[in-house]
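The next block holds one structure in the form of structure tokens; read it before the comments.
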């Protein structure tokens, strides 16, 4: 019995252990399946939320195309291009997915959100491909021309400086929740015991000045701030959220004054004269894997705070001319040209010279112009080219300069392929951007002492320097230029005097109006005004004119924007540390008291206003603090912004493998020629001006301070003539269809490197080498890529049908849906389908036919009754009249009267002919 009892107990224990083991294993399996399904569900839910918000945004924009509000206009022109948009959408889906999981996290253990789960979320959301390093090509071409995306400039860090990567952080960001919420998001959050002042209050009390009160710069021309804006658009664009509606709840950001991501509205004071309590503001897109997304990587909430993305290459590479992605570059190039030209406008000329081509988007209309005749915006490497005529003029100058250079290079080197001529011209244009910026522009901004301290002489490429544009530079320091924008656009005649037919214009009358350039004199009057009229001087107490603080992007009476408030709010959105933190970063003393602040600002009244608003010196927004500082000697910035701008410019120069002064980028002789060139020379070669100042940025009087274009030095392009002997065994082949090649040397041998146009895939050898027997392989071919076959990352939204075309694809909508502004999503147009109109028309015809038939039947019946009561003679007469009237256009009634020789009597019966 004891043995049986012991065996029974043993069996029970073993059974219990096995049962518990089974239960635990099953729980792990079940929980694993539950977590996986939960992740998939969270991502699917988030994708629906984000896409629904984006869809509603595009639908609202479609309905409001006639009159855009300033906020809509700003949002539209900060829309990311295709690649940037895909990254922004993926980041928003990933961030929303993690928010969904955080809200439901009580159902799961905290440690369940592992790196594996996060990898799954990154993959399902579409973020993962944009977080991996790109593959760098290993060809001689990779060392000859910079890639359009900026990737692989640094071979060890291929994403440094590339487009669609996160802005660099020189100091950790400050977010109210530690990783994502902007400064000022929570109204009860205190900084050193005080809430931050509303940005609109800061603008009104410290920044804004009337147009009449501005002081003009006695040293520098209006070209100085315009060049600064142009260069800023070459190196930085922070895309806004792809949606202007909240992801949770879908409320329109223009209709809410609550903080609901991505809505972060600018609150207006209670005594504001406007009809709304806030101005719309949309948060910048997060970079993939940061903010709420980064909060769960390793479960370290502060390990990877929210970062913002730069949609452009960081490098000074003339991306304003060529774009920062293959898709944009494809739109800009003239693929039918054998000389590697850029596309030009086919509808308008400027005294025989080219304008920028038109984009598909319509800009602000000329008064009284119907929508169908609205002038489109200009198409350039940067989407903001049409903001103001001066900016469009500079873009146009460089379009013309590229085509001038490419044509000359092709004439000098007839054996060059179209792609070689294009790349060589692009290389020179990029070098000229670097020279004009670093030699002529930046020293005037920093002053000689700060330039020597922070930039200094060039000592060669340094692969340890990260050239990525920093958040503080893009979001604060380089926005100093907004305080130098003049409220007037001055257009001058050939004598550089006020143009009688082209009067001065206020800025509000030129925003996004390219028709003013085309229909009102072309480039020359604008360029003369930039050269011969002064910039606005940045003066404490006169920081920004009211055209920018009260009338920004105003096209109608449907609202306004305030650029100063936008700058301050953007800094808080990006979590920029305060003014004193950045002074300490630059080795400058912290300023804690009004007396200390007055040493840097040197304006007691402004210091008092700052302290009244901010209450504590460590609360001051960095953009305001840097802007308010007194200038350094010979500079146009104070010490803080001189430090930040100088450090950034040095990084852009020293961290760029393709910097024009770097060894092997150009020959020694070519570098000497490049140094001769200047912005005035570019103006001489590409406008109708015959006299220019030697320095385009210095204000001068005409004619004594202007030189003849014949005396302005220029490059000798003969230095680009290729003289290497071409072996008869290796004659340059014909260019491949839908592709091109460039040539270079590798180990002393001639090499051809082939590439296909965007939308085509290379099949065969990418690189062909010249040997003793000729080319070592046949040229490759370029095959069309069927983008529609990609089911993993479909190019069109599910609402659209994908149609493959040669080198591209089209997203097609069924009536009454139309493509949204992303050209991938079908939006309900709000009108009846064409088929419905056809049905209505057919129905109307059917009803009309039935009515006519009914009328004829009734008339016949009535006529038959009348025939029975008429005398024989009357009946015969009437029918006779009807027969006579046929074919002559005479009414039967009148014909009957003619037969009797009488006019028809009033009120007599009119008989119907059969």
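Glycine residues also receive a Cβ, built from the backbone N, Cα and C atoms like all the rest.
The annotation in Swiss-Prot ties 313, 315, 317, 319 to Ca(2+), and of the candidates under consideration, 232, 234, 252, the one tied to the same site is 234.
The transmembrane segment annotation in Swiss-Prot falls on one of the ranges 835-859, 860-884, 885-909, namely 835-859. What Swiss-Prot records as N-linked glycosylation site, among 123, 373, is residue 123. Taking CA atoms as the reference points, residue 603 (N-linked glycosylation site) and residue 482 (heme b binding site) are 20 Å apart. Just so you know, the Cβ of residue 334 (N-linked glycosylation site) picks up 17 other Cβ atoms within 10 Å once every protein chain is counted.
A C-beta separation below 8 Å, combined with a sequence spacing of at least six in one chain, links residue 482 (heme b binding site) to 544, 548, 563, 564, 567.
Cα-Cα distance from residue 334 (N-linked glycosylation site) to residue 384 (site 'Transition state stabilizer'): 21 Å (rounded to the nearest whole number).
For residue 384 (site 'Transition state stabilizer') paired with residue 232 (heme b binding site), the C-alpha to C-alpha distance reads 11 Å. The Cβ centroid of 232, 387, 482 marks the heme b site; residues of that chain outside this set whose Cβ lies within 8 Å of it are 228, 229, 233, 384, 391, 479, 481, 485, given in sequence order. Put simply, the two farthest-apart Cα atoms among 232, 387, 482, the recorded binders of heme b, are 14 Å from each other.
Within the set of glycosylation sites (123, 603), the lowest number of other Cβ atoms found within 10 Å of a Cβ is recorded at 123.
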